[in-house]
RNA sequence: GCCCCAGUGGCGAAAUGGUAGACGCGGCAGACUCAAAAUCUGUUGCUCGAGAGAGCGUGCUGGUUCGAGUCCGGCCUGGGGCACCA
């Protein structure tokens, strides 16, 4: 009997050392076997890993270990998304250099990951803040610039007028800077962008080919790209205008509703609005109000809809003598369409709200099917459905799409101020990717500004442009900009004094190609080695949080295309398979000053179901907030190291796989960790006890009934667990393994029949062998230890996945539920191969069916083979 | 505000349109023990019933279907994203 409890504290470091010494998880680029690239989204080195990482990396590790056992050459690397804002915040708050802070965090977190027993190829580790990584990113920036995919334009930023610095949206709280408390202003800066819109259509249509992506992610990306077919319509001013143009161009997807138009609205920073503001102080004041709202679309859209009547009027294109007022409105985006719209209140809710507020006319022009044109009116709910045009002159009686065509055709052939009055246009919601950041801790943009030569790239032989080590963080603004010497440089073209670009790149750029760099991180000459990239890409299974569904994944899809266009890779789509795990969520806590505090700093008391919290340090009260995704900013993270130190990595791994479906959020609780650990010990006991029973077992020819039953369970489990892991249904695989362990436990509980039955002994030996191999991807240390107990040579980590015998997976008989009128009333056990006629006959012979029919013939019998029988009486 | 997703026992959940609640946690009862822990066995959706059994039940509401947790329409609640958090 295995008297000793399994001790993960001894076993886990031992196996981790053996794996490392044997180089078991390193991947060679010349491995001839079929490739499988599994990747989890790499972490930001915030300081410590959290349970979200444990969940994410455990899932990826199960896939990696499983695919390795299935005979694939598996690439499973890890790195660090190491540039970013928190390092700079730490520099300001704790007087630590961002590089020191970041590399110390990386060292600590690498240690935490290694303790998890992940089968990673650490030889390929990269950190995006390392010049050996970002130099290649700078090379690609120059390539993109030369290919016309990187360019400068004016864009808005959140400006903190007190700290004199650009704020991230996250740093704007209720319209004020998080540090200074000053009201935030919009400010315009000339900044670098990637031309992602060059691929709008392609990024959209190519989504259809990503059949191993979740539908919801593809749908979100589709909506984000936002292709819409509409019409640009030119309105003529009905009087003098301060603008240089005599017309105002708007974009609409509903030209059919033009007869219902009651106003035009333009963005606050539309050229016309600026022109009006220059001569009308009230208009200028309104524009200033708009600029104080920051740049976040969410804030903009939820703010009260406000407008300012410019007093200008435009002529209705179809109604002679009719003019419409032109408003400046805070909900019109300059970035979308032409930055101007016409409002049709009856058929657009936002326009209706606006019209009611400013007393504008509401004329319905689309009549819902079946409504009476004499009585149909719009009160507080706009009608945006299909219908028939009315109140619309030559459009009356037409359907919506026919009216669209009619208006488009007519305006296309009308000329205003020398242009066609209407132009069909495909419009995308997607905007170019603003990558400029006025920050220190990011990849420097390798450009030089020369008064004579303009903006020129840093010559490739001068790359990388290194960040200066001696930046200061004690004053606001961009440290690169006020560094005494860094930005002063000779123009590479004419040699005259010039200045470096001081913007650095958005950290999304870093994470848009790291998966490619992993294929050959040793190449010092170029970002990629084509043979290696072609060999390993695309990533076969990418796993990460749903919060990255749009931005990171869309940027990566763009970047891969841009790299293809500049010759760095040969494919379009970087991720063939995507799985979005749910988040790990946790309660939030705030101290008396309203600052977030971490769970580790709190004690939660539960008195008769009423939960209260206080600070560990001084017992002061802490407010328990809502359950939210674990985030650095809200400090509601849990340190997995404590869990692993107490229970072992295998317990932690098993727990995060077992409790919730992997794509759903899981609320972290310590309840259940003990249950997971019980199973660790149970497997250990089963193997220990079982090993004594199977000594000298050999496969017998004719299995006894007990042996056959156990063998069937074994092979069904092998088939089911493999199936579940393929689909990333880890929680189902875990449930299967619990059932399997229960079956083995029942066999071992009565040793006498096992001793007396050689075929049962053999079946038990096979079951124990399978149990260890099936459990190995999830609890690798325990599995290695058990493998040794079973007296097996080598590592289970290098042992093939067991193969299910199809003859043992399928039963000869099936038990069908028998429904009468859709309610289950009986069961029918019958040969699996029984014909439909035989099933009918057997069903009608059942007592419950005869009683229900009471001699009458059934109206209908539905037989779903091997599933169910339904008798309609 | 807009886009996307989720909602099933006391709890985490399972269920190619086909027996709702597998499996686990917790609870209850029992075995082992001087005792406890550990372990093992049984039981556990709700209501009625001594029982056999019957009825109800997957956020709400209406529909499609022989049959709906699953598909469709309308809501409610919670979560994610909204372009400078990563």
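Cβ atoms are placed via backbone N, Cα and C, with glycine included.
Those TrEMBL annotations? Automatic predictions, nothing curated.
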Range among A:629-633, A:634-638, A:639-643 that TrEMBL annotates as motif ''KMSKS' region':
A:629-633
Which range is it, out of A:43-53, A:54-64, A:65-75, A:76-86, that shows up in TrEMBL as motif ''HIGH' region'?
A:43-53
Please work out which recorded stretch in A:38-172, A:222-411, A:628-667, A:713-835 has the most C-beta pairs separated by under 8 angstroms from the domain 'Aminoacyl-tRNA synthetase class Ia' (A:430-587)?
A:38-172
Count, for each of A:222-411, A:628-667, A:713-835, the Cβ pairs lying under 8 Å from the domain 'Methionyl/Leucyl tRNA synthetase' (A:38-172), and report the range with the highest count.
A:628-667
Same-chain Cβ contacts of the domain 'Aminoacyl-tRNA synthetase class Ia' (A:628-667) under 8 Å, 6 or more residues past its ends?
8-9, 11-12, 44, 46, 48-55, 58-59, 61-62, 86, 112, 115-117, 170, 214, 546-547, 579-589, 596-600, 673, 675-677, 679-680, 728-731, 733-735, 778-782
From the DSSP assignment alone, can you count helix, strand and coil residues within the domain 'Methionyl/Leucyl tRNA synthetase' (A:38-172)?
69 helix, 25 strand, 41 coil
